[in-house]
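In TrEMBL this protein carries:
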BINDING   B:THR154, B:LYS180, B:THR191, B:GLU277, B:ASN403, B:THR408  substrate binding site
ACT_SITE  B:THR191  active site, nucleophile
There are 2 protein chains.
Amino acid sequence: MEYNFIAGGICAPKGFAAAGVHCGIRKNHSKLDLALIKADVRCAAAGVFTTNKVCGAPIKVDRAHLTDGYAQAILVNSGNANTCAANGVALAEECCQLVGQALGVSPEDVLPASTGVIGQPMVIDPFAAGIPAAAEKLAATPAGSWDAATAIMTTDTHQKEYAVQFQLGGKTCTLGAIGKGSGMIAPNMATMLAFYTTDAAVSPAMLQKALRQVVPGTYNQMSVDLDTSTNDTLLILASGLAGNPVIEAEGPDYDAFVAALTAIAEKMCAAHAGDGEGATHLITCEVTGAPDLKTARAVSRSVVCSNLFKAAVFGRDANWGRILCAIGYTPGDFSIDKVCVWLSSAAGEVYVCENAAYHPYSEEEAAKVLAEHDILVKVDMGLGEASAKAWGCDLTYDYVKINGDYRT
Amino acid sequence: MEYNFIAGGICAPKGFAAAGVHCGIRKNHSKLDLALIKADVRCAAAGVFTTNKVCGAPIKVDRAHLTDGYAQAILVNSGNANTCAANGVALAEECCQLVGQALGVSPEDVLPASTGVIGQPMVIDPFAAGIPAAAEKLAATPAGSWDAATAIMTTDTHQKEYAVQFQLGGKTCTLGAIGKGSGMIAPNMATMLAFYTTDAAVSPAMLQKALRQVVPGTYNQMSVDLDTSTNDTLLILASGLAGNPVIEAEGPDYDAFVAALTAIAEKMCAAHAGDGEGATHLITCEVTGAPDLKTARAVSRSVVCSNLFKAAVFGRDANWGRILCAIGYTPGDFSIDKVCVWLSSAAGEVYVCENAAYHPYSEEEAAKVLAEHDILVKVDMGLGEASAKAWGCDLTYDYVKINGDYRT
């Protein structure tokens, strides 16, 4: 299905304003470090979080604040993860109090998120000054979304935001998203944060269900470096202001909403992976002909996660043996005898492996294919009907440089 | 227990000769590319192999030749993995025939192994010339072992060989090893190959049992890049010429043999990991206080496998939050609340994390600790009595460089 992607990010749906300010968590005064998102009304709300047993204090607060299924504001800081830090939960709750006061909403309707260094002490002062400043600056405009998308960036080289329109019950609905994260992603760390807004009317339960349905095939299929962050967070707020009949059960409207959510999540995953720390290539792996969905997902993840293949892509080397190797060590009991592999990009396509053996191709042509930024690895397993995608990036000198002196 | 490590590698035990020659698989004439190991007598023999579903042709032949529990020679080439290549098994079997003719042993008593690029066609010609040349050069001397250790190297920067002496039933026994592999190790690829010889008398069944007992805590705890090779192979030959009563069941002699095997395997793992592709540091992680052995092993592996922590060590940055992060995403249900972490080396020790939170330390002192080549990460989980070790290396520019243009 073709979607109408529009500008405006998280402020494109009706009823949302956003802002980004510099509040002093980061030393660089020109870097925004605090984002605020506010809905005009209490929204149905849902979230998914890291599976890491070491988990950021804001996530504990989010889980508590989401128990009733509603929220009205999101506060995000970069520069400090508020993880393994003393009094982290108390500080995150105090931040919610400050947001409540500044916006006239209940503190229990505020969802906090943090990204940055783990284990550093955090103080309330920058928040005490920054939250009222951000509230003052809130704007229901593309600029508001852009500033929020900017404030949550860490090692990201560019903002990540999308918005898409779709129809529900004869009403035009909009779904917007911003996100950050380019390292510690598996879906994982320097932390992946994503915030979605929509004016579609969806019950909290169906909103949570939609997230749980979409994330396994999108965010959980994205990897930069296999390091699952302590702070990964995806939150969604649904204002209901589009006026569609509330989605309260499965059916065509729910399916349409899930499809739109999938469309934007796939775009976001490609944006995150393509901006992976130090990346010079986005690597998408599409697996077809798998015996089942689990295997399809696992095999595509194995390929985009292989350090050796990632380094080969950086070197524009069509070292397909490393793709076979990665497929072969994917957990599960399946045959690799019928595996075929193609390398594809805007510059063309080369058929490099047929039935798990070399298929004649021109290295020169392959090098041309791999010179593009966006590389597609197509794997057909020849076993069944299941398919899946995964997103990753190449492994480069700059990944090592960025992470060798991240704190300095 | 203290062991008496001696010189001589695989030729230190009684009854073994070895050689390395250049036979033309590699273009560089100064690089030895074929190793031959010969025992004076038929030996009890055992092996463990890659779990990758894509597996080298020599491994299929090894499995067949090991079914009777005996072997007398090992043939190893570097430069081509004989994997995903047409007629790979037939070629490996033909090599065994050639070795059989040259040495006057049964082809079924020859164990082949290969390492190098995957998916490249392989021809018999270099073997036809090289095997007689290697047979001619066989020497039961330290030089013979050294040449064999040299011929199996790929991206390794130095030879890896050890030998250790121990007592069994009043007899002095010797166990020797050579190995190669510095990338695709998890235990994994650019391929880890290891060949052990011993003059201890051990039945084939107990030899296999000893390998299966030692490998999970040693070779399976070593990682350079998480890429499990298609060709990983560990073979052991036991000549019995030391004259000890044959080990045919569990008991004190078996335990002594396993202990010696463990001692040398740990040395070899440190040598492999410390010579990881592009590595500037060996990272050993010792986990204590784990609730069970499985968790101890998994947690120590997580730490040495974390790309983010590996890059931090390259940058000599005591970014302990990444250690916590890696512990936290280790599969399993355990608490991280009591985790304490120390960074240690010949230059000293810093206590960086107490009960999963920051423990005050001097960054200057930590940088001194991390300036050493051999880094020890000590993790106490505060939960139980189990412990384990894992070996890895840092992630460097040179890893990317080596793997970005491996084939060119």
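Glycine too: its Cβ is placed from the backbone N, Cα and C atoms.
Features as recorded by TrEMBL, highlighted on the structure.
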residue  : record                 : Cβ within 10 Å
B:THR154 : substrate binding site : 23
B:LYS180 : substrate binding site : 27
B:GLU277 : substrate binding site : 29
B:ASN403 : substrate binding site : 29
Binding-site residues in contact range of chain A, given that the Cβ distance is under 8 Å, out of B:THR154, B:LYS180, B:GLU277, B:ASN403: B:ASN403
Mapped DSSP class for B:GLU277 (substrate binding site), helix or strand or coil: coil
Collapsed DSSP category at B:LYS180 (substrate binding site): strand
